[in-house]
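A.B. asks: Pasting a structure here, questions to come.
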Amino acid sequence: MNLRELVSALNDFANPALAESWDNVGLLVEPSPPHTVNTLFLTNDLTEEVMEEAVQKKADLVLSYHPPIFTPLKRVTWKTWKERLVVRALENRIGIYSPHTAYDAIPHGVNNWLTKGLGACTSVPLHPSTAPSSPTEGTHRVEFCVDAEHLDAVLSKIKDIPEISCLTTLPARVEGEEQTRVSLNCSQKALLEVVALLSQNNLLYHKTEILLLQKPLLPHTGMGRLCTLSEPVSLSDIIERIKGHLQLPHVRVAVGAGRTLESPVKKAALCAGSGSSVLKGTKADLYLTGEMSHHDVLDAVANGISVILCEHSNTERGFLSELRDTLAIHLQNKINIIVSEKDRDPLQVA
């Protein structure tokens, strides 16, 4: 497949607009066009060892779940390992694409895969995503009626305000008088200026309606998951299930206050990777994630919530095998898709 065709298909699989605002997703390194992709190489972390593997296996595009370029690069030299990744990629005509939190949000993504470690359950996103393609512009809609005498002057001043969109006018009849109904969308900042303008004319101000615009929520899409198990299971059994699903010999466990390893787990909140901010404040019997800060663990335990920590990338990497099979179908088996054998969590139990 042509690289641009493939990137378009990957964006259809998981819209980059679903990623968190702080994230850096999409095509990060692009060889000069035209660039044909015969082999797509999947990894959780793009390290130098993994890049060497990609070169040896003649990959044309690396899909790295974590973006190897996150903070801006001021130069591309041989001095730091992330700069060397870019050099090696371009020298070997290998593109780099990263989906990261877009894959966290989608219904067929990382968090959905992680729920399978709990056993039979139903799940909903902890923080639902809104539709990125919704045509709504602005945060508020303002509607008001104005007579013909003041219409041109008001519209002229409205048009001078930045961040105004969807400005429309329609004939209206108010209390037996012919007037014009003005409707506009605006940002939060622009709303203050619009209201200030209209408040200069009490008649206009009293006829003003302000609506909060909200994009529709997407079903089964968003950050984290709150899972309700079909049957309550002891914490010790859940630990064994998770270890089996993630193929780990060990996990770290903090037992909630007033709980034991035999206490039942009915509701579990989870988040792949680093889950503190996503899980915080959620009522559940268990938090499952890769890593949390010490003080967030203490807070959870004090509230009677047990915590299972598996290390950051261990809650993500196993998804790659499922992703390989899903992408093969999505891409109609047009390219060869392989999973890195060198990619691994940097932390080990010694």
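Numbering starts at 1 and runs along the chain as it is shown here.
Backbone N, Cα and C atoms are what each Cβ position is placed from, and that goes for glycine too.
TrEMBL does not curate its annotations; it predicts them automatically.
TrEMBL lists His66, Asp104, His312, Glu316 with the feature divalent metal cation binding site.
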A.B. asks: Setting His66, Asp104, His312, Glu316 aside, what same-chain residues sit with their Cβ within 8 Å of the center of the Cβ atoms that define the divalent metal cation site, listed in sequence order?
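C.D. replies: Near the divalent metal cation site, beyond His66, Asp104, His312, Glu316, sit Asn44, Tyr65, His100, Val110, Ala272, Gly273, Ser274, Gly290, Ser313, Thr315.
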A.B. asks: Please report the number of other Cβ atoms within 10 Å of the Cβ of His66 (divalent metal cation binding site).
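C.D. replies: Excluding its own Cβ, His66 (divalent metal cation binding site) sees 17 Cβ atoms within 10 Å.
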A.B. asks: Within 10 Å of the Cβ of Glu316 (divalent metal cation binding site), how many other Cβ atoms can you find? Include all protein chains, please.
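C.D. replies: I get 25 for this one.
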A.B. asks: Can you tell which of Asp104, His312 has the least company, meaning the fewest other C-beta atoms within 10 angstroms of its C-beta, among these binding-site residues?
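C.D. replies: The binding-site residues Asp104, His312 were compared, and His312 has the fewest Cβ atoms within 10 Å.
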